[in-house]
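Going by TrEMBL, these are the annotated features:
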- 10-251: domain 'ABC transporter' (DOMAIN)
- 250-292: domain 'SpoVT-AbrB' (DOMAIN)
Amino acid sequence: MPEFGAEALIVCESLVRIYQTGPVEVQALQGLDLIVESGEMVAVVGASGSGKSTLLSILAGIDAPTAGRARVGTWNLLSMSRTDRVRYRRHTVGFVRQQTASNLISYLTARQMVDLPMTAARVPAKTRKDRSLELLGLLGVADCADRKPGQLSGGQQQRVAIAVALANKPQVLFADEPTGELDTATSAEVFGAMRDVNRELGVTVVVVTHDPAVSGQVERTVAIRDGRTSSEVLRRTATADNGDTHVIAEEYAVMDRAGRVQIPADYREALALTRRVRLALEPDHVTIRPDA
Ligand SMILES: Nc1ncnc2c1ncn2[C@@H]1O[C@H](COP(=O)(O)OP(=O)(O)OP(=O)(O)O)[C@@H](O)[C@H]1O
């Protein structure tokens, strides 16, 4: 059988993460499947505690999964050595957190902070200088290059944090509630900046968010429930006969590799679907009926 998601940049299959605190075991991820293609921008949504941050920490190489499969590019996140993990975090991925302050170093200027990961990667000084200014420009904070975090607004801090995360040309940018501490207008600006880098640099973006206004702006939203991917919304722009454009959002259930699909609770209740259902293959669809 060909590899599940062989062509994709990010593949999670039956991903499990169990946290053990004393005698208590928490299953933060319970067999999550996710595929992200190179160049996509994906929003991950879900209730508090559904496992979003856990997923992102694993993908960013900060936390290790308990079981299942997780691959980003050529990296297998389950069998990475400590040295590989450092290399992975330095070169393959960039990470932005919710707490604006925790992304930055208080005594460095924006330019010095973007420079830092490149210094660690032994990039020559001239290249570092050019790239720092280019990234700060792309994120609309070129005028903040010589300012320290304390002299930046929350939105500017997050845009600098994105520039820092992109310094070593990662394949993926992960952001965990990057706009969580910002007001609506600033949050839209920061989100717009992430869309720009996705489009202009081609970097794949995976962003966890609570904000429906944010998830409404990306083409693909993945919903996590109880540590699994439960549904996806795809959005596309359609043009009417009179030339007007509007966005069409369609919700999909997620089917795993074994063919399992979760039927939403309200559907099950409406038709009293319980333990057994009847399936029938029609020419272009499958029906599910109550066992009556
Ligand atoms: N380090 C940890 N030790 C023990 N349990 C943890 C740890 N991190 C997360 N959990 C638990 O795992 C589950 C998933 O947490 P996670 O932070 O991934 O959810 P989330 O969807 O990001 O939530 P939120 O939106 O509130 O940030 C929760 O029940 C949480 O309490």
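Glycine residues also receive a Cβ, built from the backbone N, Cα and C atoms like all the rest.
Automatic prediction, not curation, is the source of TrEMBL annotations.
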Subject >> Taken over the domain 'ABC transporter' (10-251), the model's mean pLDDT >> reply: 91
Original post:
With DSSP helix as H/G/I and strand as E/B, how many residues of the domain 'SpoVT-AbrB' (250-292) fall in helix, strand and coil?
Top reply: 6 helix, 16 strand, 21 coil
